[in-house]
């Protein structure tokens, strides 16, 4: 008797389900991001201190949130793979890593471009910026580790273990603005006591965050579908080789 | 660009456009890579199917 998660995590069923919902999620992401950009540029006021530069927030913050959220998802998928041995969990972890790396890279680049006119510098080695840079290197490390091991099964296990160990970075990043000297502002949305940011700026930010999240889900579904197809191609090629070898042996006998 | 969109982003406009440009370039690159990778895998499966190499479930269907 299969559990609900086992039924949903079946690769063939995933291909059917994701194939039907993917265009809708991608379309919803495009509409929400377009609306978010309209709000960000035409409705949200400039910041009273930073002026127009604060409009970088509407892409920087969603990228930074996704950088961490995607890593949490990679770690959960890794846990699912190590504990339940389900191949779809490995597919999820493997395909989310490059996407998470891209969002972390964008959080660093947009933050740097926001920092230059605001702080007077592109970069400082403070706790927040440095811990996000380490997260980026962790993503690169996961990709490098997986691609450096030829045995797919071993590569999956080792990257899953590294992904679980690396989850320690998430609380460090989250609370890095609360300890030590930093130019980065403290949390102003996800904090105890509620957001401190004005609704006129919070609304476009949340709309953009929703749009980016939908976009990530669509990209992750597509990447997972590609990976499942890649594994099917590999399995068929392997079966073809084994069949050819068997027929050669039979002919020799 | 600002004239086209009817907005004035002030003296630091270049930083704002560079940030948005970076996001468009990276996300656009990712989407293009995902699309091309999907097409490549589907083509490989089609070539194998032409040679009669199919998954058991595909053969049943």
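Using N, Cα and C of the backbone, Cβ positions are placed for all residues, glycine too.
According to TrEMBL, the domain 'Cytochrome c assembly protein' annotation covers A:7-184. Residues or ranges marked as transmembrane segment in TrEMBL: A:21-44, A:64-84, A:96-115, A:127-146, A:158-177, A:197-221.
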Cβ under 8 Å, sequence separation of at least 6 from the ends of the transmembrane segment (A:158-177): give me the contacting residues as numbers and ranges.
68, 71-72, 74-75, 77-79, 81-82, 90, 93-94, 126-128, 131-132, 134-135, 138, 141-142, 145-146, 149, 184-187
So are the transmembrane segment (A:64-84) and the transmembrane segment (A:96-115) touching or not, going by 3+ C-beta pairs under 8 A with a sequence gap of 6 or more?
yes
Other than its close neighbours in sequence, what residues sit by the transmembrane segment (A:197-221), given a CB gap under 8 Å and a spacing of at least six beyond its ends?
18, 21-22, 25-26, 28-30, 32-33, 35-37, 39-40, 43-45, 47, 54, 57-59, 61-63, 65-66, 69-70, 92, 95-96, 99, 103, 188-189
